[in-house]
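Chemist: Here's the feature list from Swiss-Prot:
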- S32, E37: Ca(2+) 1 binding site (BINDING)
- D64, N66, D68, E70, E75: Ca(2+) 2 binding site (BINDING)
- 18-53: domain 'EF-hand' (DOMAIN)
- S32: phosphoserine (MOD_RES)
Amino acid sequence: MAAETLTELEAAIETVVSTFFTFAGREGRKGSLNINEFKELATQQLPHLLKDVGSLDEKMKTLDVNQDSELRFSEYWRLIGELAKEVRKEKALGIRKK
């Protein structure tokens, strides 16, 4: 990207992508999250949004569309979409302030 200052939304997208690549490939294939990398990302970066999800193993299985026991970026993006929908619902109901 250019050296220009990013907007708040652009910075948020940059963070979502960078976070994936920070955790992806630490143990398994580069560019995808294995179960341990997914759990580490979830517990470190999404502890509040995933607190009621139940088993992270089960959540990974539902996200892992091609059933290869790893999450590619497109599968990870499904999680981000699901979480964004929940945040939107909470905001619409006045539950979430920020």
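Each Cβ is built from the backbone N, Cα and C atoms, and glycine gets one as well.
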Chemist: Identify, in sequence order, the residues in the chain of S32 (Ca(2+) 1 binding site) that are 6 or more apart from it along the sequence and have a CB within less than 8 Å of its CB; answer 'none' if there are none.
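Modeler: Once residues fewer than 6 apart are set aside, S32 (Ca(2+) 1 binding site) is near A24, G25, E70, L71, R72, F73.
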Chemist: Check each residue in the chain of N66 (Ca(2+) 2 binding site) that is at least six apart in sequence and keep those whose C-beta is under 8 Å from its C-beta; list them in sequence order.
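Modeler: N66 (Ca(2+) 2 binding site) has long-range Cβ partners R72, E75.
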Chemist: Given the binding-site residues E37, D68, E70, E75, which one's Cβ is surrounded by the fewest other Cβ atoms within 10 Å?
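Modeler: Each of the binding-site residues E37, D68, E70, E75 was scored by Cβ atoms within 10 Å; lowest is D68.
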Chemist: Find the average pLDDT over the domain 'EF-hand' (18-53) in the predicted model and report it.
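Modeler: Mean pLDDT, the domain 'EF-hand' (18-53): 93.
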Chemist: Could you round the CA separation between D64 (Ca(2+) 2 binding site) and E37 (Ca(2+) 1 binding site) to a whole angstrom and send it over?
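Modeler: Checking the Cα atoms of D64 (Ca(2+) 2 binding site) and E37 (Ca(2+) 1 binding site) gives a distance of 14 Å.
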